[in-house]
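Here is what TrEMBL says about this protein:
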TRANSMEM  30-47  transmembrane segment
TRANSMEM  53-71  transmembrane segment
TRANSMEM  92-109  transmembrane segment
TRANSMEM  115-135  transmembrane segment
TRANSMEM  142-159  transmembrane segment
TRANSMEM  165-182  transmembrane segment
Amino acid sequence: MFGTRTIEIAASLCGLANVVLIIRRSLWNYPFGLVMVTLYAWIFYDAKLYSDALLQVLFFVIQVFGLWWWISGRTATGALIVLRLSARQWRQVLAATALGVALWGWAMAELTDAALPWWDAAIAGLSLAAQVLLSRRYLENWIFWIAVDVLAIGVYLAKDLQPTAVLYTLFLGLAIKGLADWRATWRKQTP
């Protein structure tokens, strides 16, 4: 059978393909994303990063809905319509994320043997917000992903998940590119 490191490398490669296709606003990102989150659920559970493991299960569900939202959120030519959050929506997303991180961090710290409960909760909460925003086609998803990537690099290095830390370093660069590309797309579609 495959070892954990081999599965981690496979998940990382699927993740790279997933993000590159997201930047291009391609529906083909979803098969890679679904495989990636399935593999990472097992990897993170094995590393006792329970928030990240549970997050992968939630990502799977959100990606299934995201596929539908992306199919229905296209122009007649097939281009994905990029949306922006209003100031009110920004406040709501930030408040919900902060509350979720606080509650989840407390639960992981008090109720489990999680390795890095507060950092893990921050990554989980920000990732969940980012994934929902991405699935709904909001440009601001990339800002959340940038924050996630910065935090995750340190956590995964601390947990000896080097291929995953390298992946998140690449994700950081891709998230910066994604933000720039999606912003340019949004400007082109906005009169």
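The backbone N, Cα and C atoms fix where each Cβ goes, and this holds for glycine too.
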Do at least three C-beta pairs under 8 angstroms join the transmembrane segment (115-135) to the transmembrane segment (165-182), pairs 6 or more apart in sequence?
no
Examine the transmembrane segment (53-71) against the transmembrane segment (92-109) and state whether at least 3 Cβ pairs sit under 8 A, considering only residue pairs 6 or more apart.
no
